[in-house]
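Right, one structure below, let's go through it.
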Amino acid sequence: MEKRVARRGALRQKNVHEVKNHKFLARFFKQPTFCSHCKDFIWGFGKQGFQCQVCSLVVHKRCHEFVCFICPGADKGPDSDATNLHKFKLHSYGSPTFCDHCGSLLYGLLHQGLKCDSCDMNVHKRCEKNVPLLCGTDHTERRGRILIKGAVKGSKVLVEILEAKNLCPMDPNGLADPYVKVKLIPYDAHKLKLKTKTIKASLNPVWNESFTVDIGPEDNSKRLSLEVWDWDRTSRNDFMGSLSFGISELIKSPVEGWFKLLNQEEGEFYGVPVTDDITESIQEIKSKMHRSSISSEKRYPEPDKVQNMSKQDIVRASDFNFLTVLGKGSFGKVVLAERKGTDELYAIKILKKDVIIQDDDVECTMIEKRVLALPDKPPFLVQLHSCFQTMDRLYFVMEYVNGGDLMYRIQQEGKFKEPVAAFYAAEIAIGLFYLHTQGIVYRDLKLDNVMLDAEGHIKIADFGMCKENIMGDKTTRTFCGTPDYIAPEIVLYQPYGRSVDWWAYGVLLYEMLAGQPPFDGEDEEELFTSITDHNVSYPKALSREAVSLCKGLLTKTPAKRLGCGPNGERDIKDRAFFRPIQWERIELREVQPPYKPRIKSRKDVSNFDREFTSEAPNVTPTDKLFIMNLDQCEFSGFSYVNPEFVVTV
């Protein structure tokens, strides 16, 4: 073929911006589009944003340099690990919804897109192959980031506010006038207000200012709050983002680096570090989880038969001064007691043998003792000091948990903010995970049985309803539990396993978030009908992450219920509701609780119901004739002293 000279137009290579193997090009969007990094709308005319030519990720021009994951088109790191796969399923949306990857509308009437069962991510079917495998992690920065240093030295908190990047535009010119407020929360009006200078017309302000906040011992349960605000000359200043750190956490370890700015509710309880390379972060988390699983195997060995006490360790009722009734019920009563000759305080649960025999509860009592005596328990289960018996009674000597229970707190506050509920739910979950690994179904999880210690950490109490040896597919059929928390399979007399605990966990979580039970009825029959047949309605104030978690836990079919699958623990920890939760630190009690109970003195019982504490700790008489004819062998092996018990004075 003869070659000829022809006219051709000139070429110019487009300006490609490479970030973490993404190849971003400026682009004009013909339809409304949202940024996948900050979740804000992409405004303007012309080429308003950037789109990756490999994976189609869409971001603002100002956001592209902060994308923290490797482009899936070039992905060879931990983002490719199957353990971080999204669980996408076809979904029909009832209201306009935008793709969390490319930012454009999920169009159509039915099955418009895919929704992840675990993290609630919404994407187009065409985008699924390009989505990074980061299920359970949050790679977005909705309000920008701030660089700070914080430490406690003596009685002073030292804070350095250095700079911020990629803040939200707040003014008509697309910029903002940011400044930072520094304070302790809960806020004391008598303390000095501290704030930085205002940087005019900037989304990337540099302050480089230092502050000192005086603290006393009473401030250790408070949090250092940093809030970024936009200054306005004519109207109220606008909130831009915040974060906070527990003073007790800063005392243990200073903080330094970039942190995400959060909304007001989250910022009151969290300080989330920015991970510029989320790939490395995931690798580090996985190695920690691997080490944690190895250590947990050592920490939680198979339960063995407990050793009975030696003669020199014998504990008697005469060793204690009984002070105040803390609670009572059909089982007997719980009394605050002081060990004679010491400052040691204990909560002693006293049960009548005649009532136990008549109610056929001997085995339940022995199970409760064996569960309390399990070795190497996590710190979120009540500790047992010892068990002993007299001719007519059984005594459980346990640690005194003096912060009251969650029922008392809910009655005081009405309901909890979501970060508070997430903290309590995470600590409760650690306790349930342990019990389930031991083959124990708890069966009586409720607000009344979740106590708060002096620091504000939770303690699960009352193991009288537990069922042992429920491993794998093994089930039981006993009808038991507290009516409001009973799972549908118990109501329907179906065989069940640990699934009933996750149902009760869902009910408890709903009560913490909504301040009311999810099911109700005039009587038990109506209540049980509601549990088996009715759907739960959720307050509009709840976030979609909270609703998604509650729906997963309150699924009526046990096999489909969250937490009941082969990877139940991972499924719960990976939920979007728990994204800010650092599980490893939660397990080690390193996270400062959101609330510290008010305790006036060692023997203070003001956090317990006055109906009980006003009662004298008298021992009520038993049926002497019945006791004389009682076979005491029924309770052989009950007496026990815990060699692992740690005395706290």
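Each Cβ is built from the backbone N, Cα and C atoms, and glycine gets one as well.
Positions annotated as zinc finger by Swiss-Prot, on the basis of sequence analysis: 21-71, 85-135. The domain 'C2' annotation in Swiss-Prot covers 138-259, and the record cites sequence analysis as its basis. Sequence annotations record features per position, and here Swiss-Prot assigns domain 'Protein kinase' to 320-578 based on sequence analysis. Taken from Swiss-Prot, the feature active site, proton acceptor applies to Asp444, supported by sequence analysis.
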Could you pull the average pLDDT for the zinc finger (85-135)?
-> 91
Looking only at the zinc finger (85-135), what are its DSSP counts of helix, strand and coil residues?
-> 3 helix, 12 strand, 36 coil
DSSP puts the residues of the domain 'C2' (138-259) at 9 helix, 60 strand, 53 coil
